[in-house]
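What follows is a single structure, written as C-alpha cells, with notes after it.
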C-alpha cells in the first residue's frame, strides 16, 4: 500500500541512572565511592533511502522509542549507552512539526541523516561527586529524559517528469509503455489511486524518472476527487507533461481539459505554471481524434516542438516524445525544492 502522509510520536531514550556504590576490597575498610555514571539514551535519527518509495512502514507504528541507557554499576562501571533508533524514509520526505506544520527538515539526498530527538544524559554516580574536601559523597543523580517530538512525515515524490491529466487520459498506459511498469489500466475514472514512479533507461546509463499521479478533475485544487492528496507530488518535478485525451471521451475535448488542468494547477501552486512543459495528445488512433486535434491547435498556439500526437496503446510517437523529454531535461537547471 502506498502511504504518503503519517503522524507519529518519536521518543529518544532516557539516560541511565547514576548509582551510589563503595569500594569493597580486603584490607581497605574505607575504600571510598565507586558508583558509576549512567549511559546515554539512544537518539532518534531519520535517514533518507532511495530504496524506499512509501511511508507504509509507519502506518501502524504511531509511537516509536529509542533504547534507554543502562544504569551505572559498582567499581565505577558506566552504564551501557542506548542504541540509536534509525528510521528510513523515502527521498522527498518532508519532516514537519505535527502541531504547527513547520518544516523541520527536507530529505532530498540518499543517506542524508537528521538527528531529531537527542537521547537523555546519563546520571552521575557518587564517584563523580568526590572532591578533595568531600571524600565520601553519598549522592547520585538520575538520567534525564530523552527528547520527544510529535511529527508529521509527508512524502513528495522526486521525479524528473510529472504526468498530468484527467482520469482516462491514458497516463497509466503511457507510463507503462515508456517505463515498462505493470500498472492497473482500465476504462473507468480513478484507475490510478496512488502515484506511480517509473523510469526510462537511456543509452548513456542515465535514467529519466516519471511520476504518474491520479487523474485531476475540475475542483481538484479545492480537494475534489483525489485533490490535494496527490497534487503535491508534481511540485518537485522538473518537467510537466500534460496528457490530453484526443478521443473526446465523456463529451470533453482536449481544449477543455487543457484549460481546466492549467487552472487547477495554477490555483494549487502558481509557480508550477512557470515549469517547463510538453503537451501530449493521446489516442490519435480513435475515430474522432482528428477533429479534436484540429480544434485544439486552433485554440492554443503551442509550438510544434512542445506538442506531440501519440497513441500510447500502439507506441506511435513515443520515441520522439522520449527524445524531446531528454533534450528539455538536459537544458533545465536543477530546480531548488
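Every residue number used here counts from 1 along the chain in the order it is shown.
Note: Cβ is positioned from N, Cα and C throughout, glycine not excepted.
Remember, it's a predicted structure, so these values are computed and weren't measured experimentally.
According to DSSP, residue 171 (GTP binding site) sits within a helical segment. Sequence annotations record features per position, and here Swiss-Prot assigns GTP binding site to 165-172, 190-194, 212-215, 282-285, 311-313.
Its Cβ placed at the centre, residue 172 (Mg(2+) binding site) has 24 other Cβ atoms within 10 Å. The Mg(2+) binding site annotation in Swiss-Prot covers 172, 192, and the record cites sequence analysis as its basis.
According to Swiss-Prot, the feature domain 'Obg' maps to 1-158.
Under the heading domain 'OBG-type G', Swiss-Prot lists 159-330, citing sequence analysis as support.
Among the listed binding-site residues, namely 171, 283, the Cβ with the most fellow Cβ atoms inside 10 Å is that of 171. Averaged across the domain 'OBG-type G' (159-330), pLDDT in this predicted model comes to 80.
Residue 165 (GTP binding site) sits 10 Å from residue 172 (Mg(2+) binding site), taking the Cα positions as reference.
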